[in-house]
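Chemist: One structure, pasted below without further comment.
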Amino acid sequence: MLGIKGKDLTLLCVVAVLALCAPFILNPFPQSSAMAQFNAGYPDLMQRFVIFGIFAVGFNILFGLTGYLSFGHAAFLGVGSYSAVWMFKLLSMNVIPAIILSVIVAGLFALVIGFVSLRRSGIYFSILTLAFAQMSFNLAYSVLTPITNGETGLQLSLDDPRIFGTSVSDTGGIPVTSLFGMEMRETSTLSLGDWSFQFSNGYYLCAVLLLVSFYISIRIFRSPFGLMLRAVKSNQTRLNYTGLNTRPYTLAAFVISGMYAGLAGGLLASMDPLAGAERMQWTASGEVVLMTILGGAGTLIGPVLGAGFIKYFENIFSKINDNVLHQWFGGLPEGLENAVVWFTEHFVGSGWNLTLGLLFMLVVTFLPGGLVEGGTRIGRLIRGKSKRAEKKAAQSKPAE
Amino acid sequence: MEAILLQVLNGLDKGSAYALIALGLTLIFGTLGVVNFAHGALFMIGAFCAVTVQKVLTLSKITLDPVKTDFLGNPLQIKTPYVEGWFGPEFGAALIDWSVPLAILFAIPIMLVIGVVMERGLIKHFYRRPHADQILVTFGLAIVLQELIKHYFGANQIATPAPDVFRGSFDFGAMMGMDPNVVIYPYWRLVYFAFAAVIIGAVFAFLQFTTFGMVVRAGMADRETVGLLGINIDKRFTIMFGLAAAVAGMAGVMYAPINSPNYHIGMDFLVLSFVVVVVGGMGSLPGAVLAGFLLGILESFASMNEIKSLIPGIDQIIIYLAAIIILLTRPRGLMGRKGVMED
């Protein structure tokens with residue numbers, strides 16, 4: 001089906017089910033229970049899962065396949081956001097032209113940056129992409145203020161032209177983003193007993209686009225083109241000696257992943273029509289690297305998992321504060337309670353970044369394959385199959 | 001002429017900071033072959049050493065004034081720093097005044113220890129891993145260090161003034177026979193430049209004229225052979241890592257009065273310092289220093305009003321632009337050696 005088969009098809013189906021049923025899956029705790037704060041089934045957060053999933057899937061096409069570590073991918077996300085908001089300002093509030101433009105603009109941007117940066121490899125490539133991203137960030141903050149609105153960020157206003165739409169909505173406010181009249185922020189709620197599930201149009205648009213992106217990424221992974229990219233990762237010199245020019249391939253990968261980032265940026269703007277320069281900062285680029293690594297670079301599902309994992313815990317950890325901690329550890333003797341709370345405090349609330357950094361270090365050190373590798377290891381443990389047995393099985397296959 | 005001189009001077013202090021950080025980065029890269037993204041964090045820790053020393057010295061005993069009251073009607077609180085109580089008011093005040101230079105004495109051992117612990121505890125395990133892994137793990141470490149500092153010192157900038165003697169400016173123009181009040185340069189920046197020059201000179205002298213330095217240089221050229229000669233090169237490289245950390249830390253301490261430190265000062269400098277290292281040539285110590293000063297001065301030239309009106313925004317991007325041009329025309333950087341980071 002769809003030109004993919006076997007495991008890949010299963011994987012796509014799993015992602016599809018997960019994405020479409022996310023409002024149920026992420027809302028396992030009843031509203032009134034104390035665990036309700038661990039629910040993640042509200043549209044705003046789910047959209048972020050999916051959008052950053054797209055971003056990471058795109059990044060993985062570059063980093064996972066070719067091994068080129070770009071430290072400037074957030075620039076494409078930012079450019080995508082800006083172009084989408086401009087489309088909302090000038091054309092109409094329909095998200096389709098906005099998303100298309102953001103993908104195209106980000107692609108062009110990636111073409112220029114990639115053309116220059118890909119002349120070098122290794123750390124030089126990382127530094128070059130970083131330099132370009134920082135340049136875009138600095139320019140967005142200073143000289144390009146007419147286009148980017150500097151520090152305030154680009155926002156919609158009542159006197160925007162919007163040629164194919166209305167400048168002012170019927171109620172006198174700024175019109176909201178929509179897909180042919182279907183408002184993005186419209187949410188319907190389904191109450192089942194103590195549970196309430198929210199379905200938002202915006203989320204489902206993002207989810208569908210995630211599925212499309214994921215499908216494309218599977219096709220790229222399994223194509224001869226993907227194989228070529230892997231060859232670049234394993235030994236570029238050898239490829240060059242066989243008379244192959246690798247640059248068109250790496251450039252194509254760079255542009256594709258830039259377009260993914262642009263799509264993510266366009267979606268971010270479609271859900272919430274504003275764009276700020278801080279989306280292009282290099283810490284944002286670091287974040288997507290993190291998601292990919294954490295999930296498992298070079299695997300299909302890894303980046304999606306990583307993005308979901310990081311965004312989920314970012315949300316949950318940021319919500320926990322002193323009082324919650326004291327509630328949790330209330331059963332301990334007082335001195336111990338205070339000590340435990342003091343210690344835990346570092347990692348929650350605004351300390352989320354600390355947790356993130358630590359997690360990052362631990363994953364890179366002990367689990368370079370990310371969550372996917374962790375999952376395989378656990379699976380192997382459960383099945384009781386040791387590494388050696390697997391090796392034996394692999395060896396016993398007849399050599400051609 | 002005056003304008004050019006002024007910009008060169010302005011570029012010197014930033015260039016000194018870039019050069020010092022880039023020097024440390026290159027030392028680490030040249031000896032251990034590790035790309036250290038946490039180096040900016042070391043610079044920041046240095047700056048916060050200055051903050052800590054200043055805070056400790058100004059810890060005060062609060063006594064209540066028997067007569068005067070404040071505007072709420074409570075007895076007026078008089079703060080006397082403990083050091084003034086212990087060493088007498090004059091010497092105590094002098095101590096507080098000189099807290100930033102004093103912080104160097106405090107920072108050197110701390111930074112050495114941090115460097116050695118970092119190398120033995122974490123970096124050691126990454127020698128055989130790809131550069132991407134090294135970048136990632138040190139990036140994670142940088143986040144952790146930065147967040148710890150943020151947790152304990154807050155997110156705001158903390159002012160750490162230079163000693164009174166160095167406050168105020170020095171009229172360079174008058175000395176050079178130009179009109180007075182045209183080329184004015186703060187004393188502390190001059191001190192910073194001199195300090196940087198001394199440190200850079202000391203590092204080079206250490207590598208050039210001591211036996212230890214000779215062994216390290218030999219190790220940089222061919223680690224394996226030096227190891228085969230029965231020299232414990234790993235131990236020396238660890239010490240070099242500590243030294244690089246100390247250099248970054250001292251650069252941070254002295255920079256605190258120029259730019260009040262906050263928790264992300266390290267990251268701000270790190271990105272630029274990496275650009276500096278790459279421009280200078282990966283693994284080349286003179287290249288790092290040269291590129292540091294060059295880019296610092298270039299940056300201050302680009303922020304001249306005449307140039308800004310010609311090409312708007314150039315001051316924001318000049319360093320990156322220069323890096324891109326140099327990397328594309330001279331792939332190994334200004335003074336890069338063949339065979340370093342070619343894979």
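Backbone N, Cα and C define each Cβ position, glycine as well.
Any TrEMBL annotation is an automated prediction that lacks curation.
Model, not experiment: these values are computed from the prediction.
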Chemist: State the residue range annotated as transmembrane segment by TrEMBL; the candidates are A:7-25, A:45-63.
Modeler: A:45-63
Chemist: Six or more residues out from either end of the transmembrane segment (A:94-116), which same-chain residues have a Cβ under 8 Å from its Cβ atoms?
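Modeler: Sequence-distant neighbours of the transmembrane segment (A:94-116): 72, 75-77, 79-81, 83-88, 128-129, 132, 164-165, 177-180, 184, 205, 209, 250-251, 254-255, 257-259, 261-263, 265-267, 269-270.
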Chemist: Which range wins on Cβ pairs under 8 Å with the transmembrane segment (A:202-221): A:45-63, A:249-268, A:288-310, A:352-372?
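Modeler: That would be A:45-63.
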Chemist: Are there residues at least 6 beyond the ends of the transmembrane segment (A:352-372) whose Cβ is under 8 Å from a Cβ of it, and what are they?
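Modeler: Distant Cβ neighbours of the transmembrane segment (A:352-372) are 290, 292-297, 299, 301-302, 305-306, 309-310, 313-314, 317-318, 346.
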Chemist: Are the transmembrane segment (A:288-310) and the transmembrane segment (A:45-63) close enough to be called in contact, which here means at least 3 C-beta pairs under 8 A that are separated by 6 or more residues?
Modeler: yes
Chemist: Same chain only, please: residues at least 6 beyond the ends of the transmembrane segment (A:45-63) with a C-beta under 8 Å from a C-beta of the stretch. Say none if there are none.
Modeler: 19, 22-23, 26, 69-70, 73, 77, 200, 202-203, 206-207, 209-210, 213-214, 217, 220, 229, 253-254, 256-261, 263-264, 267-268, 271, 288-289, 291-292, 295, 297-299, 302-304, 306-308, 310-312, 315
Chemist: Report, as numbers and ranges, every residue of the chain located at least six residues beyond the transmembrane segment (A:249-268) whose Cβ falls under 8 Å of a Cβ in that stretch; write 'none' if there are none.
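Modeler: Distant Cβ neighbours of the transmembrane segment (A:249-268) are 47, 51-52, 54-55, 57-62, 65-66, 68, 70, 73-74, 76-84, 95, 98-99, 101-107, 109-111, 113-115, 117-118, 205-206, 209, 213, 220, 225, 228-229, 232, 275, 279, 288.
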